[in-house]
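J.: Pasting in a structure now, in structure tokens, and then I'll have a few things to ask.
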Amino acid sequence: MSGNGIQPNTVTCGTLITGLCRIGEVGLALELQRKLEKWNCKADVVTYGTIIDTLCKGGSIDQALNLFCEMINDPSIVPDVVVYSSLIHGLCNSGRLSEAIRLFDEMASRGISANAITYSTLIRGLCQNGHWKETRRYFHEMVERGISPDIVTYNILINSLCKEGKMEEACGVFELIIKLGKEPTIVTYNSLIHGLCQNGQWKQTRRYFDEMVDRGISPDILTFNILINSVCKEGMMEEACELFEQMIKLGKEADKFTYNAMIEGLCLTDQLEEAVILFDSMVDKGLEQDVFNFSVLINGYCKSSRLDEALQLFKKMQQKGLKPTEVTYSTLIGGLCQAGRVRTAQSLFNEMQSNGESLGLVTYVILLDGLCKNRHIDEAIELFQSMEGNGFEANVQVFNILIDGLFKAGNLENATKLFYDISNKGLVPDVITYNIMIKGLCKKGMSLEANKLIVEMENKGCLPDAITYNTIIQGFLVEHETDKAMQLVQEMLEKKFPASNALISMLTSSLSVDQLQNLDLLAKP
């Protein structure tokens, strides 16, 4: 242009910079902005604002801030609310909330009034990062200044409050929307309904759902999925089926998420045949069955002890070209172990490894537990050693499983050694660990040693529970240590721990009528 004797001006360059920014060429836009002085042109607030906004949206916040500093150092250019809003938006998206607040307050000190977009941007950032004190401050400030929040701002606020479980406040904001004569949207209702479902507030959920319909707002597939998923998780299948039918009547097409929730709910409530019918109907509806669908149904078969059908479904899934996840494998391994089919479970575990499937601690724990419960303690120890060799650090749960398995195998020495290994590895035994040890020692006729462990656990800040007392008392009764047993029963009752039926039966057969009356064991509260 300048080569042809035509001198570019601010408007021409500004238009070109805007075009470059729109096509993502912010580097060229910056280069052009640097050349403006050579052409006796001056970048104006719009030019700076365009580049700053593009940099912020691209995540180059520091570069945008540097350009902003350059801009405010030029006394002839006054940044406007648009520039500040872009920077605040960028800082909020980067989680730099304190800088966003500082910039917002600086804007006010320069006499630049924030608009609805600026407030909404800041409020959204504060909400999403859980800064509720500041959120309330700027929200109230916005209202007091006569800037009416739009429904998008209210939706952001309600959604964030719901995610934090602050349902009373979320409902309060909703009531404010109605009071101010604003129209809630499907987004407003979906946020509230989801939050209420998550908190098990079914009565209020139904109220808002019915109110939404009365207002002429048609529930969308997301609304139904939220509701159906929530009631299915609670095993409320009658309500789930009613919602499913209502959804179909309203012309909404169930998607994979709907079917997933329904299948999982039916499996949860032992309605496996209905779950299978629904699973098969997905194909008729043109929906692709995914790994999650298969995994849910496999879990249903496992829980119903229908392992052969679970394995058949597993093979069918693989034949369809779907890759089982760790959850799929873990579900099957756990089901097989519970049914005593340890060899098949081990075979699946080996298949996981050979297929390069990512093995997590959960899978190791499930197989370890299965091996121990089925009295394959040597193989459990081998698996434990392999697990550690593969870089997995055993947690207390792993030690609990192994110690229990060793006691059941009659291996007191190794069980005790493993118990002390817990502390050596920097872990802290929990009440379950101590209860396993106490039970194992009592079964070996070592109730006095078990009682020492109770003292030890209390000294370490681990409080005995009802199981601890029931176990040690039964141990002393078996060894005819009646006085010690009675002393511990009294202590247990003072702590309001209930006596098990097994303990009551032992006490009844071991103690005299006077001793039982003194304990007041069967007294009703």
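Any Cβ shown, glycine's included, is placed from N, Cα and C.
All TrEMBL annotations are machine predictions without curation.
From a predicted model like this one, the values you see are computed outputs, not experimental measurements.
Found this in TrEMBL, in case it helps:
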REPEAT    9-43  repeat 'PPR'
REPEAT    44-74  repeat 'PPR'
REPEAT    80-114  repeat 'PPR'
REPEAT    115-149  repeat 'PPR'
REPEAT    150-184  repeat 'PPR'
REPEAT    185-219  repeat 'PPR'
REPEAT    220-254  repeat 'PPR'
REPEAT    255-289  repeat 'PPR'
REPEAT    325-359  repeat 'PPR'
REPEAT    360-394  repeat 'PPR'
REPEAT    430-464  repeat 'PPR'
REPEAT    465-499  repeat 'PPR'
J.: Which of 44-74, 150-184, 220-254, 255-289 has the most Cβ pairs closer than 8 Å to the repeat 'PPR' (80-114)?
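T.: Answer is 44-74, with the largest number of Cβ pairs below 8 Å.
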J.: Go through the chain and flag residues at least 6 beyond the ends of the repeat 'PPR' (220-254) whose CB is under 8 A from any CB in it; none is fine as an answer.
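T.: Residues packing against the repeat 'PPR' (220-254) from afar: 186, 189-190, 193-194, 197-198, 200, 202, 205, 209, 212, 261-262, 264-266, 268-269, 271, 285.
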J.: So what's the mean pLDDT when you look at the repeat 'PPR' (430-464)?
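T.: Mean pLDDT for the repeat 'PPR' (430-464): 95.
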